[in-house]
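Here is the structure we will look at.
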Amino acid sequence: MEKRDYYEVLGLTKSATKDEIKKAYRKLSKQYHPDLNKEPGADEKFKEIAEAYEVLSDDQKKARYDQFGHEDPNAGFGGGFGGGGFGGFEDIFSSFFGGGGRRQDPNAPRKGDDLQYRMNIKFEEAIFGKETEIEIPKDETCETCHGSGAKPGTQPETCSTCNGAGQINQAVDTPFGRMMNRRSCTTCHGTGKIIKEKCSTCRGEGKVQKRKKIKVSIPAGVDDGQQIRVSGQGEPGINGGPAGDLYIMFRVQGHNDFERDGDDIYFELKLTFPQAALGDEIEVPTVHGKVKLRIPAGTQSGAQFRLKDKGVKNVHGYGMGNQYVTVKVMTPEKLTEKQKQLLREFAEISGDIPEEQGSSLFDKIKKKFQGE
């Protein structure tokens, strides 16, 4: 199935600002988070939203996406030009303009590929950090042959077709005349080596797949979509090169009571009419424990109070965020007759007598004649 446009996924246009992208992601990820939304397809929708945000929130990835769309030749780890169909023309123009010196030695040590792992963590784990362990499938250098791919006691031989270069030259007729085109050697598949007696453990691959446990330190203050690098825990290096790195991207679960925006926490405090009108002192929950908050008399619905340093520790060490408490005054749905009478008396004193629902036509006519 064809991928949807990332801007369309987040309900945005290409002119959207970073702040708009972030807000759209937070809204949609909360709406479709698998822990909060059990509808069929919510999980796939959440993954689509996360993928769109991962690209559009990164300036470099966004710039490439805006230019190439989903056909970005540099997308993903280890990506880049140089696949099947364009290799010939690249070599032709490289030779024509004098770029022939860029050929790589297939036997030179090369760094292994990077790996990416998405890790789901709880709201509190993201705020306070945690030491944990993950288990991932990854390739490891074969311990039997030490990565050579050859049976112990033997060595790979130099390919006689390409003399160990891993590439062969081929004459190609072009509009510029006959030119030499380099192609991967089909005998050794570009490795420059021939393994006559393969290692029985890895079957000549030089590596085996294992499930490896890796210790991970979740940094305090990490936010949804951020990632950390675990050096040397990617795929094994080639020809004795260093291993790649493991990038762990965090997906933070939502919370029933709190909402996070950067280093700040938001909490909705429900008050009764008497509490808002007369004032009160209330215990308010925070991620750090309960604190007392004084509600001044006459507080209106929508009023906001700041609890300094009761938010999230900045992941880069730039201080603490705050918690913002937003008031919501609740209107009682069921009243006793005594409560209704007291409210009527209050309304009379205030000079604002409401036309109550449920009054009979006779009562309304009676009040009219009585001048009420």
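Numbering starts at 1 and runs along the chain as it is shown here.
Glycine too: its Cβ is placed from the backbone N, Cα and C atoms.
Model, not experiment: these values are computed from the prediction.
Positions annotated as domain 'J' by Swiss-Prot, on the basis of sequence analysis: 5-69.
DSSP labels the residues of the zinc finger (129-211) in these numbers: 0 helix, 39 strand, 44 coil. Annotated zinc finger per Swiss-Prot: 129-211, in sequence order.
Taken from Swiss-Prot, the feature Zn(2+) 1 binding site covers Cys142, Cys145, Cys199, Cys202. Cys199 (Zn(2+) 1 binding site): 22 other CB atoms within 10 A of its CB, across all protein chains.
Look at Swiss-Prot and you will find 142-149 (among others) tagged as repeat 'CXXCXGXG motif'. Counting residues 6+ beyond its ends, the repeat 'CXXCXGXG motif' (142-149) has Cβ neighbours under 8 Å at 155-156, 195, 198-202, 204-208, 236, 240 in the same chain.
The average per-residue pLDDT of the prediction over the repeat 'CXXCXGXG motif' (159-166) is 86, rounded to a whole number. Annotation source Swiss-Prot lists repeat 'CXXCXGXG motif' at 159-166 (among others).
For Cys162 (Zn(2+) 2 binding site), the same-chain residues 6+ apart in sequence whose C-beta sits under 8 angstroms from its C-beta are Ile168, Cys185, Thr187, Cys188, Gly192. What Swiss-Prot lists as Zn(2+) 2 binding site is Cys159, Cys162, Cys185, Cys188, and the listing cites sequence analysis.
The repeat 'CXXCXGXG motif' annotation in Swiss-Prot covers 185-192 (among others).
Here Swiss-Prot flags 199-206 (among others) as repeat 'CXXCXGXG motif'.
The Zn(2+) 2 site, placed at the center of the C-beta atoms of Cys159, Cys162, Cys185, Cys188, has further neighbours from the same chain whose C-beta lies within 8 angstroms: Ser160, Thr161, Asn163, Gly164, Ala165, Gly166, Gln167, Ile168, Thr186, Thr187, His189, Gly190, Thr191, Gly192, Lys193, Ile194.
Other residues of the chain with a Cβ within 8 Å of the Cβ centroid of Cys142, Cys145, Cys199, Cys202, the Zn(2+) 1 site, are Glu143, Thr144, His146, Gly147, Ser148, Gly149, Ala150, Lys198, Ser200, Thr201, Arg203, Gly204, Glu205, Gly206, Lys207, Val208.
Beyond the ends of the repeat 'CXXCXGXG motif' (199-206), by six or more residues, the same chain brings 141-145, 147-152 to within a C-beta distance below 8 angstroms of the stretch.
Across the fold, the C-alpha of Cys142 (Zn(2+) 1 binding site) and the C-alpha of Cys159 (Zn(2+) 2 binding site) stand 22 Å from each other.
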